[in-house]
Each structure stands twice: as C-alpha cells, then as structure tokens.
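Noted in TrEMBL for the protein shown:
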- 110-138: domain 'C2H2-type' (DOMAIN)
- 139-166: domain 'C2H2-type' (DOMAIN)
- 167-194: domain 'C2H2-type' (DOMAIN)
- 195-222: domain 'C2H2-type' (DOMAIN)
- 223-251: domain 'C2H2-type' (DOMAIN)
- 252-279: domain 'C2H2-type' (DOMAIN)
- 280-307: domain 'C2H2-type' (DOMAIN)
- 308-335: domain 'C2H2-type' (DOMAIN)
- 336-359: domain 'C2H2-type' (DOMAIN)
C-alpha cells in the first residue's frame, strides 16, 4: 500500500525546491517505528545530472507541509520522531541524511489469540503461531527430511550438510555457519557476559546459556519421550536419549578403529584417545585433560567443592556421575548384566570384577 503525499520543502542551500515524498507502509506494519520516504526533485531545465545521491538530514531538520491525499490521517501516525530516508538527486552529494520529522507513528501490537503475547509485526505473529502453537513446519530438507517452521531455519540447517561457514572470527579465524554464533563467540575474546540470572546473579555470554541455566532453578522438564515417558529439560537431551536407549543408532564411526557412536560429540571425545590431544589444563597442578568436563571434575579435588547432594541421605559428591551411581544404593537399580550368567550389578566396576570369575 503506497500513500502519495505532496511535500513542499525548503532547502536552505541556494534554491527552493518542490519535492514529492512517498511514504511506504507495507501490510499496515510499521517496522521499528520507521518508514521510508523518497524525495524526487523536479529537474531544472539546465540540469543534465541524472544520478542520485543520498542525504542523511538527521543533522539538518527540515520543515515539511504534508497534504494527505490518500487517507493517511494524523491518527494513523503517532510517534514523536520517525526516521525518513531521503533519496535526493543532487550535485554528487555523497552523504546519507536521516530527517527527524514531527510526524507521529502509532505504536501497534499484534496479539496472539492463544497466549496473548504481543508482537511488533504481523509477520512476527505469524511466525510465533507457527513455531509455538500450531507446530506447522512447511519447509522440508531434501537431504535428511528434517522440517522447519521458517525458511530461514531451513537455510541455516542446510549449512550442516554443505559445511558452509561464511562467518569468520577476525581474532582466531574460527568459522561459523551463523552470524549469531560468531557474535556469541566474540565474547570469548572480550570476556563480555551481558546475560545475568535474576535469581543467583550468575552471568553468561549467550542468552541460550542463561535459558539453559534457568532450568536448574525451575526444574522444568518440558520434553517428554513418547516411548518411555521420561522427561528432559532440553530437546537435545531427549534426542540423545532416543538415539542411545531406543533406536540404538550409532551413525558416527571412527575411521581409525571403526568404533561407532550415537553422538558426534562421543566420536570427538574418542578421537582424543588416538591423537593424544589434551587441550584442557589445570591451572593449579598443570594436569591435562582431553575433555572439559573431566577438568571441571578434577578441579573439585583442589577446591573441595561437592555440589551434588543425595536427596535421601544428604551425602555429597564432587561429580554428578558419582551421585547417580550412589542413588542405585537407594533405588536398588542394577543396570549392568553379565552376559554369561545373567547376574546383575549396580555398578560397572562390580561387573568387571565379576567377569574375572568366568575366566
């Protein structure tokens, strides 16, 4: 929808000019309270210049008389200031000017009928409804058949198949498939942590890390396994659970020893056994580790910290895995079974000791 308005504008340089300004409003959406204005100068008889330069008149406020030809009233526009980008044909004036006018733009909200959430644009509302409420995913990957709510999501996903990583860190040259990932990575270098937990004041470099952290406080587990009804705090945990427990799928294979893994991360950790790479070093005793979580567990030896507590007997542990193993004493769970005599054990090391009796 385009509204044509006649604007008489006095430019205090050398002459007076009469301009036409075109206000573009698409689908009744006012994006970020701004609209575009195109200004065309009526050509002078002696002028042969047909090139366009761009003026930014933010520093040069102008007075405009607007005749509303197409039903655009002052009630339709209601913001103290709006940014107008003027396309101005001039004598090679290579500068961008943004005019601050006294036109008001009405603040509009599009409200979800399901959850009452307010969105700035109609498109944002459509995206919200598709991704959150309807579950509609019309965009399908032709390689792995994964589906997406948004076309942009499919575009980002395709880079996992092509390996394309167009965004490069200028400091360490690490590459990323998405610009948002690069932005988050840059905080590794700057040390910036703009996202803070309102409960414990812990700070994070990425908003996704804060969201993940908040689950520790809420205990929320919204992702449920359709097979065994086990619930998980995060969708990747559910995916991992299905692959390991139910599907038994192990698509990631080591090219050296042909061992297979359910997760790509598992293969990555395994490869360090072949390469001997141990990039994580303890700053206190200089001991090196192949995995960051191993270093984190090791650090509790120095700090004496035992953050994992049994809810039944209040015994504390420095490593979460040890707490999990301890819980089997209370539950009586015996997940490790001898393949020769079917005897069951609570711990893997107990099974290993038992296996020696069959030799």
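Just so you know, glycine gets a Cβ as well, placed from its N, Cα and C.
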DSSP helix/strand/coil residue counts for the domain 'C2H2-type' (252-279): 12 helix, 4 strand, 12 coil
Residues of the parent chain within Cβ reach of the domain 'C2H2-type' (336-359), under 8 Å, 6 or more residues beyond its termini: 325, 328-329
